[in-house]
Ligand SMILES: O=P(O)(O)OP(=O)(O)OP(=O)(O)OC[C@H]1O[C@@H](n2cnc3c(O)ncnc32)[C@H](O)[C@@H]1O
Ligand SMILES: [Mg+2]
C-alpha cells in the first residue's frame, strides 16, 4: 500500500494530478479528500517557493510522501503577470470567472498577435524519508479574445495552446493532459519516481 498526499485544495488541479501521476501510488488523497482545514499562505516570490512551502507544510504534519503543485499564467503583454499571483489576481474571494474577466479587461486593447502567454507548473515531491525533488513544465500559447469551452478549470477557457485554435476548455481533457505545463512537469517527476521506486508501480 503506497499512499500519496497531494497538498492542494483545487479540485480541477487534483483531478488532473490523479490522471497524470501514473501507477506509482495506489492511494492518492488531497486536502479536500481527507478534509483537513489548513490554510497555507502562498507568500513566496516564485512558483518554486510556494510549491516547496505547500509540500513541506503537509509533509511535516503527516511524514508521508507528499506532492504539491504551484502553477499560474504568465502573460507577455503584462510583463509576466499574473504569474505567482494567478490565484489571487482578482482578490482573495474572487472566482475563476472574476479572474478571467479581469485579465481580459487588462488585455482589451492588445491585438491577437501580441497576446502570447505561458502556463507554468512547478511540482515538489517529498519522499517518505523527507528528500525533496522538484520539476517544472511550461506550455506556450495565447490569450483568447473571449472565454470559450467548459472543460478543465481556472484560466482554461481563455488559454489557446500553441498548435491549436481552441482553448484548453474546448479541448478534450486527454489532449490537455498530453501537452499541458502540468503534464510536462509530470513527465519529469515520473522519471524520478521510477528511480525512487525501482520502476515498481502499484498496478
Ligand atoms: O494552491 P492549491 O491549493 O494547489 O490551489 P490553487 O488554485 O490556489 O493553485 P495555485 O496556488 O497553484 O494557483 C494557480 C492559479 O492558476 C490557475 N491554474 C493553474 N493551473 C491551471 C490550468 O492547468 N488551467 C487553468 N488554470 C490553471 C488556478 O486556477 C489558480 O487560479
Ligand atoms: Mg494556491
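Cβ coordinates are placed from backbone N, Cα and C, and glycine is handled just like the others.
Note: TrEMBL annotation is automatic and uncurated.
Taken from TrEMBL, the feature substrate binding site covers 8, 9, 10, 11, 12, 13, 71, 153, 154, 155, 156, 176, 181, 182. Mapped onto three states, the DSSP output places residue 181 (substrate binding site) in helix. Taking Cβ-Cβ distances under 8 Å and a sequence separation of 6 or more, the neighbours of residue 181 (substrate binding site) in its chain are 71, 118, 119, 120, 121, 137, 138, 139.
Counting every protein chain shown, 27 other Cβ atoms lie within 10 Å of the Cβ of residue 70 (Mg(2+) binding site). If you look up TrEMBL, you'll see 70 marked as Mg(2+) binding site.
The feature active site, proton acceptor is assigned by TrEMBL to 70.
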Entries of 10, 12, 154, 156 which, being binding-site residues, have CA atoms within 10 angstroms of residue 70 (Mg(2+) binding site): none
C-beta crowding around residue 10 (substrate binding site), within 10 angstroms: 18
For residue 156 (substrate binding site), the three-state class that DSSP assigns: helix
Binding-site residues compared (12, 154) - highest count of Cβ atoms within 10 Å: 154
Fewest-neighbour residue among binding-site residues, criterion Cβ within 10 Å, set 8, 71: 8
